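Copied from TrEMBL, the annotated features are:
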- 1-63: coiled coil (COILED)
- 117-128: compositional bias 'Low complexity' (COMPBIAS)
- 154-199: compositional bias 'Basic and acidic residues' (COMPBIAS)
- 100-131: region 'Disordered' (REGION)
- 154-211: region 'Disordered' (REGION)
Amino acid sequence: MADTDLELQRQEEEYRQVKTKARAAEAEYRAACQNYLARTEDIRRLERELASAQDSLKASHAVMLQADEKNKAVKSEALATGIRYEDRKLAAQKLAREKQLRTDEKARQLAQRQAESYRLQQRQSQQRAEAEQKAREACEEIVRQGIQRREKLRQEAAERARARMKEAEEQHTREDKRRCDERARAKSQQHPKDVHFTEKIPPTPIPPATPAKRWYDRVERAFADYSLMETFPDPPAPLTPCKKPNCVASKPHRALSACPCEIERLVTSLQLPLKKMRQAFHPDRFWKCKNEHRKGFQMKAKEVFQVVDAMFGKEKGVA
C-alpha cells in the first residue's frame, strides 16, 4: 500500500508538471495575443499616416486650384500688358505638371502603405491562427501523454500488488505446512516409547488454508482496531481476470483489484454469517481510521459492503 501511495504521489507530481506545461502554453498564447495587439497598433498608426497623406493630397489639390487661379491672373495680366501669353502658359503648365508629379508620387506612396498594411494584417492573422493551433495541439498532446502515463503506472502498481499478494499467499501456505509438520512431530514424540503393541497412527495433516480463509484472517487482524489500520486487507484478485462486460468497464473506476464477482465468490466460500460480514465492512466503521487513510479505506470497504449487502438482501428475500 505504501508503494501504491508513492505511485499515486508520483502520478500527482506528473499531473502538476503537465499542468505547468499547459500554463506555459497558455503564457505563450497570451504573448502571441500581445504581439497581435502591437501589430494592430502599427496598423492604426499606418491608418493615421494614411489620413495625414490624404490631408496632404487635399492641400496639394488646393495648391493646384490656387495655381490655376494664379494662371488665370497671369493670363489676364499678359493680355493687359501685352506680354506673351504662351510663355506664361507653358511655365504654368510645367509648374502644374511638377505639382501633379508630386501629387502622383504621394498617391503612389499612400497606395503602397495601404498594401503593406493589408499584407501585415493578413500575416498577423495567419500567425495568430497558427499560434492558437500549436497551443491547442501542445495542450492536447500533454494531456494525452499524462493520461497514458497515469494509466500505465496504475496497471504496473496493480500488477505489483497482485505479485506481492501471490507471494504472501505462498509464504502463508509454506508457514501453515511447516507448522503442521512441527505439530505432527511434537505429537509423535509424545507417544510412550515402551509400548510396542500399540499401532502408531500417523497424524492427520491439516489442510492448507484457502486464499479466502487467509484473506479473512487478515481482515480479522486488521479490523481488530480500526484506529491502528495502516493497510486495507484487499480481497485477492483472481489469476485470470473476469471477462464480464460490467467488470471490465468498471475496472478503471474501482478502488479494489477484485471485481464484485470475485468478492461474491470469496464471501460464499467462507460460509460465514453475512450479517457479520456486512457489519465489519460498513463504511461508517472506518471513521476511526487515520485521516490519510480514511477516505481510501472507506471507498474499498464500500465496494465489499455493496456485494455483501446484496447477498444479505437475497438471503432475506428482500431482493
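Every residue number used here counts from 1 along the chain in the order it is shown.
Each Cβ is built from the backbone N, Cα and C atoms, and glycine gets one as well.
Any TrEMBL annotation is an automated prediction that lacks curation.
In terms of DSSP secondary structure, the compositional bias 'Low complexity' (117-128) contains 12 helix, 0 strand, 0 coil. DSSP assignment over the region 'Disordered' (100-131) gives 32 helix, 0 strand, 0 coil.
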